[in-house]
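**Student:** Handing you this structure, nothing more for now.
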Amino acid sequence: MMKVLVVVALLVTLISYSSSEGIDDLEADELLSLMANEQTRKECIPKHHECTSNKHGCCRGNFFKYKCQCTTVVTQDGEQTERCFCGTPPHREAAELVVGFGKKIFG
């Protein structure tokens with residue numbers, strides 16, 4: 001009976017050790033994923049910078065993600081080109097203003 005208890009205790013110890021190793025591996029994978037997301041965040045395009053070549057790469061603002069806003073520019077030669085920049089659309093800018101004002105009033 002004593003040998004059976006020792007073997008069971010040994011098996012429980014081995015199983016718990018192997019499962020903790022699996023959890024550590026999982027945490028390492030999550031950490032690598034978070035680091036990749038942080039790298040992507042650093043590569044985003046800030047407000048008022050050009051986003052013509054990457055229209056979905058604008059950074060996040062205080063409350064919303066900036067939108068790539070495009071305009072058509074006519075050069076002196078009469079050639080039309082599209083130029084885009086990251087910015088806050090007017091309706092979202094108004095929402096941020098209202099929320100900021102509400103925070104000042106209500107703390």
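Keep in mind that glycine also has a Cβ here, set from the backbone N, Cα and C atoms.
Given the structure is predicted, the values throughout are model-derived calculations rather than measurements.
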**Student:** Have a look at Swiss-Prot and say which candidate in C44, C58 forms the disulphide with C86.
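**Tutor:** According to the record, the bonded cysteine is C58.
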**Student:** Roughly how many angstrom lie between the C-alpha atoms of C44 (disulfide bond) and C86 (disulfide bond)?
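**Tutor:** On Cα coordinates alone, these residues lie 10 Å apart.
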**Student:** Would you mind listing, in sequence order, the residues at least six apart from C84 (disulfide bond) in the same chain with a Cβ closer than 8 Å to its Cβ?
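**Tutor:** Same-chain residues close to C84 (disulfide bond) (Cβ under 8 Å, separated by 6 or more) are E50, C51, T52, K55, C68, Q69, C70, T71.
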**Student:** How many whole Å apart are the CA atoms of C86 (disulfide bond) and C59 (disulfide bond)?
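**Tutor:** C86 (disulfide bond) and C59 (disulfide bond) have their Cα atoms 8 Å apart.
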**Student:** For a quick check of packing: other C-beta atoms within 10 Å of the C-beta of C68 (disulfide bond), how many?
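**Tutor:** C68 (disulfide bond): 17 neighbouring Cβ atoms within 10 Å.
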